[in-house]
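> This is the structure I have questions about; it appears just below.
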Amino acid sequence: MAPSSKADKKAAGDVAAWMFNVVTSVGIIIVNKALMANYGFFFATTLTGMHFVTTTLMTIVLRWLGYIQASHLPLLDLLKFVLCANFSIVGMNISLMWNSVGFYQIAKLSMIPVSCLLEVSFDKIRYSRDTKLSIVVVLLGVAVCTVTDVSVNTKGFIAAFVAVWSTALQQYYVHYLQRKYSLSSFNLLGHTAPVQAGSLLLLGPLVDYWLTNKRIDHFDFTFPSLVFIILSCTIAIGTNLSQFICIGRFTAVSFQVIGHMKTILVLILGFLFFGKEGLNMQVVVGMLIAVCGMIWYGNASSKPGGKERRSHSIKHGSDSSQADDKV
């Protein structure tokens, strides 16, 4: 009875974490799209810096309330994480500008294989055949409904390469640092958010000017645009926190796989709110394939042997390895 109750409680917590991430991520995408389309606020990197400012304020309040305990994160690990995270943000923005939408989507899809490679290389994770096949189905489904025109150029490929690897490393580090230093999601965010806020606010205006040829100090901050900026920053607190919670509870690969549900929801909401021009049989089929792949992945990875961390132990003077930690 007790083990079953514990498993049910964990399952409920997992579902709540995913829903928290999905709702906040989809919400911030819609708000940011409205902010850019309706008010011409194209300063994405600076806006991300603002997001981390509000996130930092949240961690200060939580620390004052006692929800964040004193913890330690070595400076070198902190700097490596922030470097990967900032390269991810800037790289994604540059990749979107220099590449076609189709190649940009393919680059985003490639994060799952890269994340798998990191987990296999550093964490000795082993995937079952069904788990691997389910990931392929998810990638196929999302590709069918999002990839249209595909054109590649050298500088765009380099930007996409940097964006993909820095994003995969950043998400891997979230799980790695929480596990290595026994940090909660709140603790880790408390260490990283202030540094990201400061660095992005310093570099953001320069990067945005380079990308858009527009200066943020020349932007006309009207009351409606300020409302949307504040709303975006408020939702970002939940987005940043939920990412750390989800990757901490699961892994970067699981976060990427199930995270593609956000892509499907954004497409659906786009059709509902902005018209049905893009809704066709190809998109519908792609959505169905992706959802089936996600369900298969959840089932396959939860089975014994579906996704395990291998440990190495010495027995009778010889090396032997065994899978002892299900993830």
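Heads up, the Cβ atoms here are built off N, Cα and C, so glycines get one too.
Because TrEMBL annotations are produced automatically, they should be read as predictions rather than curated entries.
TrEMBL lists these features:
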type: DOMAIN; residues: 23-297; note: domain 'Sugar phosphate transporter'
type: REGION; residues: 302-327; note: region 'Disordered'
type: TRANSMEM; residues: 12-35; note: transmembrane segment
type: TRANSMEM; residues: 41-66; note: transmembrane segment
type: TRANSMEM; residues: 78-96; note: transmembrane segment
type: TRANSMEM; residues: 133-150; note: transmembrane segment
type: TRANSMEM; residues: 156-174; note: transmembrane segment
type: TRANSMEM; residues: 186-211; note: transmembrane segment
type: TRANSMEM; residues: 223-241; note: transmembrane segment
type: TRANSMEM; residues: 253-275; note: transmembrane segment
type: TRANSMEM; residues: 281-300; note: transmembrane segment
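Could you place the listed features in the three-dimensional structure?
In the predicted model, the domain 'Sugar phosphate transporter' (23-297) has a mean pLDDT of 86.
Among residues of the same chain six or more beyond the transmembrane segment (41-66), those with a C-beta under 8 A of the stretch's C-beta atoms are 32, 35, 89-90, 93, 186, 189-190, 193-194, 196-197, 199-201, 203-205, 207-208, 211-212, 214, 216, 219, 225, 228-229, 232-234, 236-237, 239-241.
Among residues of the same chain six or more beyond the transmembrane segment (156-174), those with a C-beta under 8 A of the stretch's C-beta atoms are 77, 80-81, 84-85, 87-88, 91-92, 94-95, 98-99, 103-104, 107-108, 110-111, 114-115, 118-119, 122, 188, 243-244, 247-248, 252, 255-256.
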> Below 8 angstroms Cβ to Cβ, which residues of this chain, lying six or more residues outside the transmembrane segment (186-211), approach it?
42-50, 52-53, 55-56, 59, 62-63, 67-69, 71, 73, 78-79, 81-82, 85-86, 89-90, 93-94, 97, 174, 177-178, 217, 240-241, 244, 248
